[in-house]
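Features as listed in Swiss-Prot:
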BINDING   Thr142, Cys143, Asn144, Arg145, Ser202, Glu207, Gly208, Gln209, Gln213  substrate binding site
ACT_SITE  Cys143  active site, nucleophile
SITE      His192  site 'Important for activity'
BINDING   Gly284, Ala285, Gly286, Lys287, Met288, Gly289  NADP(+) binding site
Amino acid sequence: MAAAVGGLTTCFARPTPEFIAPSTSYSAPVRVFFKPFKVRDLCCAGEVVGVLSARSIPISPRFELIRLVRMQPGLSALELLKTSSVNRYTKERISIVVIGLNVHTAPVELREKLAIPEAQWPPGIGELCALNHIEEAAVLSTCNRIEIYVVALSQHRGVKEVTEWMSKRSGIPISELCKHRVLLYNTDATQHLFEVSAGLDSLVLGEGQILAQVKHVVKTGQGVAGFDRKISGLFKHAITVGKRVRTETNISSGSFSVSSAAVELAQKKLPESSYATAKVMVVGAGKMGKLVIKHLVAKGCRKMVVVNRTQDSVDAVEELKDVEIIYKPLSKILACASEADVIFTCTASKTPLFTKEHVAMLPPAGTETGRRLFVDISVPRNVEQRVSDLETVSVFNVDDLKEVVAANKEDRLKKVQEAQSIIGEEINKFEAWRDSLETVPTIKKFRAYVERIRAAELDKCLSKMGEDIPKKKKVAINDLSLGIANKLLHGPIQHLRCDGNDSRTLDEILQNMHAINRMFDLETDLSVLEEKIRAKVERGQK
């Protein structure tokens, strides 16, 4: 590490017995201390000028110096530490990370606090990308999961920042989040999203609604700053995987959904003698509500009350042809509930629609037992948790659907292996595409470098030949120079390609990239990462 003190450049290094004296192009003499460097050492009672590049000095492999970063005037030593590769976390490759909670890892009591309505997905992406180590982001929030997908400039720092963001937003302590969270990186994160899209990670194996929700993430993210190339590419590929798995394995044939499982659960919990005469009420006529109505009709229900904010959504339900649907506005919810035996709730309300005090005042249900049945598949829940304390009701939420799903799951487990094979193939394709992005800046700058040389030499040649050169000859000379440049570029660029169709590993390709960066001084390597983090730090100080 180098700092200027009275014309003397001082280098700090970690202790090592070996050292080859550096020969530098700096005009100032170099002094080397064999001691650990700390933030206070960066100040050295003088202005910090940067960090000395190990590439420019012949050194022992065990002598550690850090690469040069040209700093803006006025940055403090701490800011230098944040924005340079002295920070060990910035030496990592940019990572895809998923952080979240789902039905397998956390109870609904936690998930509902973290739930993010669709309207808040775009501003949520903006908040996440404003964090120092987050470059891109996406939000997937359903009744069964709340997952944040990010492109992190540093795994460790990125995870810390996103976890703190989730804690601040939900009011859940970080320690509690860490007990229940899903935390996956790169290939594992990619595989997880592909399994989610294929319906393999759903409460109901193979259910189709999750694919529509993944599609909605892409639709909502279009044009949102922060939903950029890597994250959008990941989600678009996940949609391809979801479609392919369903087409090639038929894993969704005859499949349950959360809505169908809710209807079946209600059927199981009702006394057999009351099933045919039970009065049914559905609260909400959105996607989930319409599916509940559809499955009620499939089970033989021909009359129900639907409570919703507007009547248009109720009228749009296709299953209305042979069914008597009685629409009631939301203001009549308690009056309708007093006459209902089974109540399904499936709205996006952030606050409970039924409290303990409300339900306690309702008359007994008309079933054999007199108990009113609530099936709440909303997250956040529409039925307050305290309602289950009442002896006159039975309350079930989305987590209680597991017992219904278990029997259905066995029939499709054989298809999971086929689906995993497809997912494995698609992971390889996606990672080849993602890895190819690593070398794109180098390829572009290398082409531009060669083009500048070609154009300059062409101008010299044409000027020497005089102004009276026939146009045909000029075109021929230009084409010749282009041909030579392209043939010279072909070999190196082929060794920078990462399309998954050759035997070169990513490490080999990255080594080739670093070599070309060094040879032609393209500076597209770690400096890109450093610039991104530095820019975020500086924006945060304004």
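Every residue, even glycine, has its Cβ placed from backbone N, Cα and C.
Where Swiss-Prot records a feature, it is marked here on the structure.
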| residue | record | Cβ neighbours (10 Å) |
| --- | --- | --- |
| Thr142 | substrate binding site | 22 |
| Cys143 | active site, nucleophile | 25 |
| Asn144 | substrate binding site | 26 |
| Ser202 | substrate binding site | 27 |
| Gly208 | substrate binding site | 16 |
| Gly284 | NADP(+) binding site | 25 |
| Ala285 | NADP(+) binding site | 26 |
| Lys287 | NADP(+) binding site | 16 |
| Met288 | NADP(+) binding site | 24 |
| Gly289 | NADP(+) binding site | 25 |
Item checked: 8 Å Cβ shell about Thr142, Cys143, Asn144, Arg145, Ser202, Glu207, Gly208, Gln209, Gln213 centroid, substrate site members excluded -> Leu203, Val204, Ile210, Ser257, Val258
Checklist line | Residues satisfying Cβ distance under 8 Å from Gln213 (substrate binding site), sequence separation of at least 6 | finding: Leu140, Thr142
Notebook entry, point to check: So which other residues, same chain and not among Gly284, Ala285, Gly286, Lys287, Met288, Gly289, have a Cβ within 8 Å of the centroid of the Cβ atoms at the NADP(+) site?
Noted result: Lys290, Leu291, Val292, Asn308, Ser313, Cys346, Thr347
Note to self: Between C-alpha atoms, which of these recorded positions comes nearest to Gly284 (NADP(+) binding site): Cys143, Asn144, His192, Ser202, Gly208?
What the structure shows: Cys143
Next item on the list: Check the Cα distances from Gly289 (NADP(+) binding site) to each of the binding-site residues Asn144, Ser202, Gly208 and keep only the ones within 10 Å.
Entry: none
Note to self: Can you tell me which of the recorded positions His192, Ser202, Gly286 is spatially closest to Cys143 (active site, nucleophile)? Compare CA atoms only.
What the structure shows: Ser202
Next item on the list: Using DSSP with the three-state reduction, classify Gly289 (NADP(+) binding site) as helix, strand or coil.
Entry: helix
Notebook entry, point to check: Rounded to a whole number, how many Å is the Cα of Asn144 (substrate binding site) away from the Cα of Met288 (NADP(+) binding site)?
Noted result: 13
Notebook entry, point to check: Where does His192 (site 'Important for activity') sit in DSSP terms: helix, strand, or coil?
Noted result: helix
Margin query: List the recorded positions among His192, Ala285, Gly286, Lys287, Met288 whose C-alpha is within 10 Å of the C-alpha of Ser202 (substrate binding site), in sequence order, or say none.
Written below: none
Next item on the list: Give the residue from the recorded positions His192, Gly286 that has the most other Cβ atoms within 10 Å of its Cβ, counting over every protein chain displayed.
Entry: His192
Notebook entry, point to check: Once the DSSP letters are reduced so that anything not helix or strand counts as coil, what is Gly208 (substrate binding site)?
Noted result: coil
Checklist line | Nearest-integer angstrom distance between the alpha carbons (Cα) of Gly286 (NADP(+) binding site) and Gly208 (substrate binding site) | finding: 16
Next item on the list: Could you state the whole-number distance in Å separating the C-alpha atoms of Met288 (NADP(+) binding site) and His192 (site 'Important for activity')?
Entry: 24
Notebook entry, point to check: In Å, how long is the longest CA to CA span across Thr142, Cys143, Asn144, Arg145, Ser202, Glu207, Gly208, Gln209, Gln213, which the record gives as the substrate binders?
Noted result: 15
